[in-house]
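Okay, so here's the structure we're looking at.
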Amino acid sequence: MVPYLCTAFQDVHVMIFVGFGFLMMFLKRYGFGAVGFNFLFAAFGIQWALLMQGWFHSFKSGKILIGVENLINADFCVGSVCIAFGAILGKTSPIQLLVMTLFQVTLFAVNEYILLNLLHVKDAGGSMTIHTFGAYFGLTVTRILYRPNLEQSKDKQGSVYHSDLFAMIGTLYLWMYWPSFNSAISEHGDAQHRAAINTYCSLAACVLTTMAFSSMLQKKGKLDMVHIQNATLAGGVAVGTSAEMMLTPYGSLIVGFICGIVSTVGYVYLMPFLESRLHIQDTCGIHNLHGMPGLIGGIVGAITAAAATEDVYGKEGFIKAFDFTGKYQTRTPSVQGGFQAAGIVVSLLMAFTGGALVGAILKLPVWGDPAAENCFEDDVYWEVPEDEESDVYHMHNPDKPASP
Amino acid sequence: MVPYLCTAFQDVHVMIFVGFGFLMMFLKRYGFGAVGFNFLFAAFGIQWALLMQGWFHSFKSGKILIGVENLINADFCVGSVCIAFGAILGKTSPIQLLVMTLFQVTLFAVNEYILLNLLHVKDAGGSMTIHTFGAYFGLTVTRILYRPNLEQSKDKQGSVYHSDLFAMIGTLYLWMYWPSFNSAISEHGDAQHRAAINTYCSLAACVLTTMAFSSMLQKKGKLDMVHIQNATLAGGVAVGTSAEMMLTPYGSLIVGFICGIVSTVGYVYLMPFLESRLHIQDTCGIHNLHGMPGLIGGIVGAITAAAATEDVYGKEGFIKAFDFTGKYQTRTPSVQGGFQAAGIVVSLLMAFTGGALVGAILKLPVWGDPAAENCFEDDVYWEVPEDEESDVYHMHNPDKPASP
Amino acid sequence: MVPYLCTAFQDVHVMIFVGFGFLMMFLKRYGFGAVGFNFLFAAFGIQWALLMQGWFHSFKSGKILIGVENLINADFCVGSVCIAFGAILGKTSPIQLLVMTLFQVTLFAVNEYILLNLLHVKDAGGSMTIHTFGAYFGLTVTRILYRPNLEQSKDKQGSVYHSDLFAMIGTLYLWMYWPSFNSAISEHGDAQHRAAINTYCSLAACVLTTMAFSSMLQKKGKLDMVHIQNATLAGGVAVGTSAEMMLTPYGSLIVGFICGIVSTVGYVYLMPFLESRLHIQDTCGIHNLHGMPGLIGGIVGAITAAAATEDVYGKEGFIKAFDFTGKYQTRTPSVQGGFQAAGIVVSLLMAFTGGALVGAILKLPVWGDPAAENCFEDDVYWEVPEDEESDVYHMHNPDKPASP
């Protein structure tokens, strides 16, 4: 087992199960669902992804060859489902989530095959395959599952103090391990090195602009936890394609700087608009964290690829960086840039059509989805303990108020 | 320092201190005790284990040689104490825990010496040495410490919403890092590779059957957090012996599939029976998570070893996998399978006799154990902050209800 | 990318963002501020540290060369800011924290340059550069920012049950990953090996004496969570300089043993004295966790260096361990010990003068610091959700008490 792969695998694994699981724990009464359902469909998804990606990429003489790299790729694939889960969080049954996982993993594998094998596109950190595809897939699904009466459970759509702190565990693990995520399957050596450092720089810059704009856009200048939990991560999404290329630390800082702004502005202005006008009920705001930054990431990747020269990468490094070997021997950077751009378009098309299809399937009245007034509520699917603690320990509680 | 060892060491370290510490935090008023006492006896235990294992395995010319592998083995040894702690959680004093650790670590080292050095048994992930031994040791101790009046503290034996979420942190870290656990001390290369991938597959399958059976066996079909927190991990326990062998991913999936069912059924039907009939008060249900899956793991390991052929492993790999060198040169797979089975029996015997002995010692009235009505309560051993927060921030609280 | 560096980088990264962020979450109403502001200034600090340390150590032909080792060093540098943050926790505005970070990172880089490059001192785990400097810098700043009316917010200076559990997440991650911290930038091979093992031993011993003295020094013999959260870590601080040297496991155990006592006694007796007599308001008690153990670490390092002989290290290992090459070819161990001691003095001088300067700047009335009655309160800088949960779910709550 190559040691780096193994480290990176464990880091990515933590991002999928603790990172996403806890990030979505911000709702006051949906902690069990957030972490538990994430656990359920991710454990299901990685098995299905091993099979799907195995058939596409490592099927030899009747057997699928499995290595640690396959485990990482399975986690990546499930990452796109975790993203889509963010849009429909609290509004679906576990069965619906499993059905969605089944289809989305399949579509992910097809989309990835088209991008990596047919278009020969580079996307090591998955700006296109994971984030753009996952986000617009999820947004399409939630659009189709639109619930006009969702305001009936509006009192449960917010957070409480402790749920926000749990969510920060998720945020921090995503943020800290993102350099491993973006470099996990890069070419060992220089490319991996670059990917980790560029991601680190982009994420660091993103935190600063997120905090600044969160404070600037709120009344009274207070910081909003929703922005800190989410928009700080946009910098990692937006260098997913280009991190392993010669984006340079300064380039990464600029990308992160911009994405912190775009994502925070998205939360404040765009998200209410999407909900009221386009009827897209996006619980976690994945459009701001994965959608727009994913698109930016695809575009930055296309530009960085198109701008590549042998001077900067060195002759050998240049060929290695873009795999300009075999039948791609004659591809030029500008052509590669064009194919990268095509990759964005393909991912979007797959997301919209796939999401529409899966949304329609999930709309069938057989999956036991919760009523509008029971959304964002664990009690529907979980044995929830009565919080007797308060009875016992809140001494101030006049259980039997002194009768007059 | 071999890089992989170091990664694996940190992962295993996290499992012992965060994994077990937080997993046992599910009780509503025993969070300090769960994580704090676990911290205490584990820190004590690893030092004692370094000495004990050092004397048995790496003592040369008056000095114990220490490497990172020894640190991993010390963590493994303490893992068995963490398991036993699960059975007596909330019912013992910190002094009792230290005394138990002292003895259990010693017995662990003896049992491990018998299995690995005398019987020449393979048990890289510790299905027998860690899980079977730890679980039945702990169950014997709790049987001897049986408290007939434990229902006096029944109101504190449950969880609250937030304590269940904290426990999920423990669950997830155990689940995610288990591939590192089972592969940490395997032969570098193929065996390590296999161990990680087999464990990953078994754990993934286990989550699915746990969820399914948790829902099926509950009234109203709701999921029970106790099952999700514990039974999802049984798949890792059950491939502890065989993960580094040619269990194959499909074999692992089947083992995980079965163990999710066994463990969940154990929680629902067997545990109440053990308590009411056999007077075994098993706070965390370690019989379901470590006991039965550990036995299954030992048996699966014996079968996998007995079924080994040179065809599957390759001539060299075959000898390497089972260390058929030196005086074991002539051992055949079926004989190895027999010795593996003997290892299970030895571990059980050591657990029962050792547990009875240690239980008798802990029953002496000198260790300051809590009264029955103070069980599962931090206030006995910890300075617990008064939750004044509620006073200040629960605006709705009619401290002095408006008099009529 | 050297695999070990990458693993160690991620571990150190976790310590800075989750370790320190959550450790400081113990206050009942400052969880957002603890983890959020730590996130903010650390993300800012690592960028500034990359530039500062780049200019000092890896500036070549107009460009700063960046590798993963630089990312680790940037995290180290920010670690000293996290320590200082502990002293002023809850009493400053985010702007003040950013200003402090700007200056402290600069001073850290200068101090580090003097120690490592001019005095040729060894300090791989930063007992002097990170802990001693960070702690006394922070203590000087908080002394200058002395608030005579701080008792107005005394009711918010304590913890609640759940905030203590969140803080334990921080404690455990710091404790578990400290072996990676102290060995991260050691010479690959033996020194790294030694650093990890010595740190592990010191930390394990420290837990035991902390628990013992916490119980002994409290009325009724109960354990105090503040000690468990902090003093257990002192053993890692105190071997920061010497861990990579031939301290031996027994030496490490002794250092950890002593530091658990010193740190716990500091919390119980010294801290109230510092506050009442010297007007040093040290929110987290960094003097006990980083100040005194840091000094001990510097002294132990000086002694261990002075006591080094070629017999113990081997001829080659000896030269390698202390870099006695080039113009330091003729330096003897005892001279090295003297320089190590000088390093402590320089770090203290830099901390006091730098802290006084930065404290004076932060005292300017332009930074929007909170009023005394608003200290330790998230509501000043954060949108805090109203905890409506209690309204909805505490069934026992007689919102409208049954009228008679």
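Along the chain as shown, the residues are counted starting at 1.
Using the three backbone atoms N, Cα and C, a Cβ is placed for every residue, glycine included.
Pulled from TrEMBL, these are the features on record:
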type: DOMAIN; residues: A:5-366; note: domain 'Ammonium transporter AmtB-like'
type: TRANSMEM; residues: A:12-27; note: transmembrane segment
type: TRANSMEM; residues: A:34-51; note: transmembrane segment
type: TRANSMEM; residues: A:71-90; note: transmembrane segment
type: TRANSMEM; residues: A:97-116; note: transmembrane segment
type: TRANSMEM; residues: A:128-146; note: transmembrane segment
type: TRANSMEM; residues: A:158-177; note: transmembrane segment
type: TRANSMEM; residues: A:197-217; note: transmembrane segment
type: TRANSMEM; residues: A:250-270; note: transmembrane segment
type: TRANSMEM; residues: A:341-362; note: transmembrane segment
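Long-range contacts of the transmembrane segment (A:34-51) within the same chain: residues 16-17, 20-22, 24-27, 64, 66, 70-71, 73-75, 77-78, 81-82, 85, 89, 94, 97-98, 100-102, 105-106, 108-109, 382, each at least 6 residues beyond the stretch ends and with a Cβ under 8 Å from a Cβ of the stretch.
The average pLDDT computed over the domain 'Ammonium transporter AmtB-like' (A:5-366) stands at 93. Comparison of A:12-27, A:71-90, A:97-116, A:158-177, A:341-362 by number of C-beta pairs under 8 angstroms to the transmembrane segment (A:128-146) places A:341-362 first. Counting same-chain residues at least six beyond the ends of the transmembrane segment (A:12-27), those with a Cβ under 8 angstroms from any Cβ of the stretch are 34-35, 38-39, 42, 71-72, 75-76, 78-79, 82-83, 85-86, 89-90, 156-159, 163-164, 166-167, 169-171, 173-174, 177-178, 180-181, 184, 225-226, 229-230, 283-284, 376.
Away from its own ends, the transmembrane segment (A:158-177) comes close to residues 11-12, 14-15, 18-28, 31, 203, 207, 225-226, 228-230, 232-233, 236 of its chain (Cβ-Cβ under 8 Å, at least six residues beyond either end).
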